[in-house]
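These come from Swiss-Prot:
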type	residues	note
ACT_SITE	D13	active site, nucleophile
ACT_SITE	D15	active site, proton donor/acceptor
BINDING	D13, D15, D208	Mg(2+) 1 binding site
BINDING	R22, R124, R135, R142, S180, D182	alpha-D-mannose 1-phosphate binding site
BINDING	Y220, T225	Mg(2+) 2 binding site
Amino acid sequence: MAARKPGLIALFDVDGTLTAPRKEVTPEMLKFMKELRKVVTVGVVGGSDLVKISEQLGKTVTTDYDYCFSENGLVAHKDGKLIGTQSLKSFLGDEKLKEFINFTLHYIADLDIPIKRGTFIEFRSGMLNVSPIGRDCSQEERDEFEKYDKVHKIRQTMVSVLREKFAHLNLTFSIGGQISFDVFPQGWDKTYCLRYLEEFNEIHFFGDKTYKGGNDHEIYESERTVGHTVTSPEDTVKQCSEQFLGKDNGSS
């Protein structure tokens, strides 16, 4: 077995990189990652919380990889142990949070859109997820809202109002998925996890949403990483085989 190269880590996005979007990881990918860990240190970084990442990558995710960063690294595990947490509540404080949430709920209440359901704001430890239609809608309703939003720009308009109103809080607004957008302090994107990787001088990051506006963009562009854009889990395996295992995995 080849020895691990010191100072080198391969860091992976989850959705669209290690798994198909919102799907569970395949046994083949788990086996490949196990092989990869023999030659390089391996970490995963996802925007979702640990519960959702565990649903996709398995319950032993914090020990299957050397590093596991959930919520972009706001919750950080190394070798299965929790090494750091940061929360929106402690960062902003309850008064500012309440001001933002109250304004947002009033805005949604006055919004004239075809349907509304429930759970308009989901409070996560590192971000707020805001959905004008409400996260309790069905898949069919999601699809309909996405089409409606493309025409009427509901989310885009809402974000520009909130950005102006709460400019003093230095928040980042990231529109993603079909029905919602995320709100978090500036710098709390995936580059946040890099503070835990000071010992590595070569950080290879693999992600699918590396374009401007995508949630892999900042870490892909960071001067601390070597960025790789992938198109699917199969492409991830192919690129890693060539990069780290010295073989072409295209003909399997």
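Cβ atoms are placed via backbone N, Cα and C, with glycine included.
Candidate recorded positions: D13, D15, D208, Y220, T225. Nearest to S180 (alpha-D-mannose 1-phosphate binding site) by Cα distance: D15. Only D15, from the recorded positions D15, Y220, T225, place their Cα within 10 Å of the Cα belonging to R22 (alpha-D-mannose 1-phosphate binding site). In this structure the alpha carbons, written CA, of D208 (Mg(2+) 1 binding site) and D13 (active site, nucleophile) are 8 Å apart. Looking only at other Cβ atoms within 10 Å, the busiest spot among the recorded positions D13, D15, D182, D208 turns out to be D13.
The Cβ of R135 (alpha-D-mannose 1-phosphate binding site) has R117, G118, T119, F120, E122, N129, I179, S180 as same-chain neighbours under 8 Å, each 6 or more residues away in sequence.
Taking D15, R124, R142, D182 as the recorded positions under consideration, the smallest Cα distance to T225 (Mg(2+) 2 binding site) is found for D15. Within the set R22, R124, R135, R142, S180, D182 that the record links to alpha-D-mannose 1-phosphate, no two Cα atoms are more than 21 Å apart, and one pair reaches that distance. The Mg(2+) 1 site is defined by D13, D15, D208, and by the 8 Å test on Cβ atoms against their centroid, the other residues of the chain that qualify are V14, G16, T17, L18, P21, G46, G207, K209, D216, V230. Ranked by CA distance from R142 (alpha-D-mannose 1-phosphate binding site), the recorded positions D13, D15, Y220 have D15 at the top as the closest. Summary: among the binding-site residues (R22, R124), the fewest other C-beta atoms within 10 A of the C-beta are counted at R22. Here the CA atom of R124 (alpha-D-mannose 1-phosphate binding site) lies 19 Å from the CA atom of the residue listed as 'active site, nucleophile'. The shortest Cα-Cα distance from Y220 (Mg(2+) 2 binding site) to any of the recorded positions (D15, R124, D182) is found for D15.
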